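K.L.:
Feature annotation from TrEMBL assigns transmembrane segment to A:12-30, A:91-118, A:130-149, A:201-220, A:255-281, A:301-327. Annotation comment: TrEMBL describes A:95-324 as domain 'ABC transmembrane type-1'.
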Amino acid sequence: MFAYTIRRLATLVPVLLGMTFIVFMMIRAIPGNPAQLILGQQATKEAVASLTKRLGLDQPWYTQFIDYLTGLFTGDLGVSLKTNVAISEEIWPYLAATIELALVAMAIAIVIGVNAGIISAWFQNSWFDYTAMVLALVGVSMPIFWLGLMEQYVFSIHFDLLPTTGRDNIRVPVDPITHLYLIDTLIQGRMDQFSEVVKHLILPGVALGTIPMAIIARMTRSSMLEVMRSDYIRTARAKGMKMFWVVYKHSLKNALIPVVTVIGLQTGLLLGGAILTETIFGWPGIGTYIYDAISYRDYPVIQSGILVVATIFVLINLLVDLLYAAIDPRIKFK
Amino acid sequence: MKKSLWTLFALMLALSLALAGCSSGGDSSKGGDDGKVDPNNVMIYGRGGDSVALDPAVVTDGESFIVTEQIYEPLVNYGKDNTDIVPGLAKEWDISEDGLTYTFTLEEGVKFHDGEKFNADAVVKNFDRWAQSKDGEKFAYYGSMFGGFEGDEGHVIKDVKADGEYKVVITLTKPQAPFLKNVAMSPFAIASPKSLDGDKLSKEPVGTGPFKFKSWKPNDTIVLEKNADYWVEDMPKLDGVTFKVIKDNSSRLNALTKGEIDLMDALNPSDMKKVSDNSKLQSFERPSMNVGYLGFNVEKAPFDKKEVRQAISHLIDKQAIIDNFYEGTAEPAKNPMPPSIAGYNDEIQDREYDEAKAKELLAKAGLEKGFEMDLWAMPVARPYMPNGQKVAEAIQAKLAKVNIKANIVTFEWGTYLEKVQKGEAPMFMLGWTGDNGDADNFLYTLLDKDTIDSNNYSRYANEDVHKLLVEAQTTADEAKREELYKQAQVIIHEDAPWVPLVHSKPQLAGASKIKGFVPHPTGSQSFADVSFE
């Protein structure tokens, strides 16, 4: 397994390199000069020309690409054109905000999604099954924008239960240490702030978790149905085992492999795909960081931002592959 | 299942902690624990985007200026709701007969937030920093408002000298009529001389203003707290101001309704009723200092013919556009500058919506059969143009009535600006928000032959207009200047390089407890005298 992991990690290098190249070429294919956008409508031509030169944007693309790669191999993610700060210094707070949100969203999605799928399969064709699967269909096709605003309207304004936007109570802000506020508030022993942070996570977490929840529920159900038809389940039931254990122990273990795959993929997607949720809930995450960079033509931030997200994405997938062996001992990596 | 899940979680957590360890954190914060802050006396201002940096001299975006305006102050200020000049850090000033020497007398006993003394020396150091940098990309506003940098031919500031501890003498190379209005702009606020080296100010701003910087969480909040030693008595009234980014206009209103924020900008015109129906909220209107327009590239056929441009002017129903897409929060424009600016020519008769007249003019140009062309629609919402696509469709429908087929095209914003600047668009929508409240900043910047290839997107070149505008730049006599600008507007109206569409009035909303908030036409104002009831 160790050798397998090393081999897999090695294959990640060409994958990430290829991705970097594609992103690099794509953002340069969009017209629009970053220098002009940085300096604004007021700028003189000379200023734009000199900034273009200073940013190295007048160089041929292959020179720029090689410069960027050289930087990457020395651990330099580049400097943001907009803020003039090294990306490696400024990216973490954004990434942390999104990781926290994505983990909560996935926790909600997994707990509800997996259980709904299991119960639907257990009581196939029951009213629960039908309702859950219709809801799942609605969930997959739900526009997050609309869902987010409705959540705010119902739970924040109408019932006054939860806050509308942000990560913390702005009037009593959290002092960041790791930038994962759940952890920071615990370290500082600020339980009042901890509960505020939890409250702030619920609405965006549900909004972001809805689509993965629906996908997970459907995948769990179909996977479970297949397993529950197999011989060893009939045997287990024939020897008088309680149905609950048959479902949650014997069936689930074999049904989990495709579900874990989906969970891994969705977690990766949430990291980069939280833009809408972040926009609506005033969440200072990596999605809006990269999105803003695109409209600003902040090339280094787009490249390195996507690179970081992509790296996490492939690492999660590697992790999922390794988990297969943990779930099912019959799977061996060679 | 449980085991695998916990493994996944534990690994993610380990990963994130490891990452946290590698980074030094993106936000900078500064100690400041003098005086207790009452969280309920802190105003939270919700807005659509974060600041770029907090050094006013190097930024060009409104979201940065609205914060720096609280931290720093310029020598002179604008009036509370207009662009007349009132005292700031300079309590009085004297202009020499020839308009070349400005002597400012400074307030005494003012201190920067870092304890440094504010005096003539500090002012000189700030001006030297900008002028001697010769760096048009860093100090973009300095270069464009004062004609370049030290040694440049067009640079209007000859030197800046201290005369004793509290007098500053600025000598110009040639008279610049809007000089004081330029000096009052946010970018020319005075920073502590101790912080001028390098890029420190961008992250750790130090000025003399009513609020001082406390912390900045990027894309989230900027926290300012009361400057207890502020030199103006009884100010500021608030204990602090926090700027919070909530990108979506509707959720920003939700946060305001819930009381999480106290004031917000960019209220959707369609949400105005929600605010007026809620007794806990009030709305504010920012006086217009902008213009949205439909421009023609006067070098491209058929728009090289004046009759065609005039004909199209007769085909735009401005009031209908305002009613439908601005919800009434704008006024129709007949000149390239808004009426709040001195020199506005109110005698000009706007071209009424009139199809017959348009047909007649087209016939004169030999185009009675109509023609086909591209109409460029703005891809982004701007205060002067909240919905470019819809306005373009309305214009398209009217043009079709005289057989002009307009194909609506659009590009991503950066691309759009670049292409329009290069003259690729035959007919396009654009707009402008004024910088210093002077007519020069509209007419010269947007329609003089000198500014073709920069902001004169119509590529309009008229010698008579050029003469008037250049003369106005060096005329000190206000009445005479206004007369010159009025004349220029008459010629521009006749030539019709644009159809001026609207001057919009951006809407803000706030909690009804807010007192003393007056939105300024420039887009940023000090919150020093804002208070909660």
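Backbone N, Cα and C atoms are what each Cβ position is placed from, and that goes for glycine too.
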K.L.:
Does the transmembrane segment (A:301-327) reach the transmembrane segment (A:12-30), going by 3 or more CB pairs under 8 Å (6 or more apart in sequence)?
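P.N.:
Since 3 or more Cβ pairs under 8 Å link them, the transmembrane segment (A:301-327) and the transmembrane segment (A:12-30) do come into contact.
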K.L.:
Same-chain Cβ contacts of the transmembrane segment (A:130-149) under 8 Å, 6 or more residues past its ends?
P.N.:
116-117, 119-120, 203-204, 207-208, 210-211, 213-215, 217-218, 221, 276-277, 280-281
K.L.:
Same chain only, please: residues at least 6 beyond the ends of the transmembrane segment (A:91-118) with a C-beta under 8 Å from a C-beta of the stretch. Say none if there are none.
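P.N.:
Same-chain contacts beyond the flanks: 77, 132, 136, 167, 176, 178-182, 201, 204-210, 212-221, 223-224, 247-248, 252, 259, 263, 266-267, 270-271, 274, 277-278, 283-289, 304-305, 308.
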K.L.:
Under 8 Å between C-beta atoms and at least six residues away from its ends: which parts of the chain pack against the transmembrane segment (A:255-281)?
P.N.:
98-99, 101-102, 105-106, 109-110, 114, 117, 144-145, 148-149, 152, 164-166, 203-204, 207-208, 211-212, 215-216, 219-220, 223-224, 226-227, 287-288, 290-291, 306, 309, 312-314, 316-317, 319-320, 323-324, 327-328
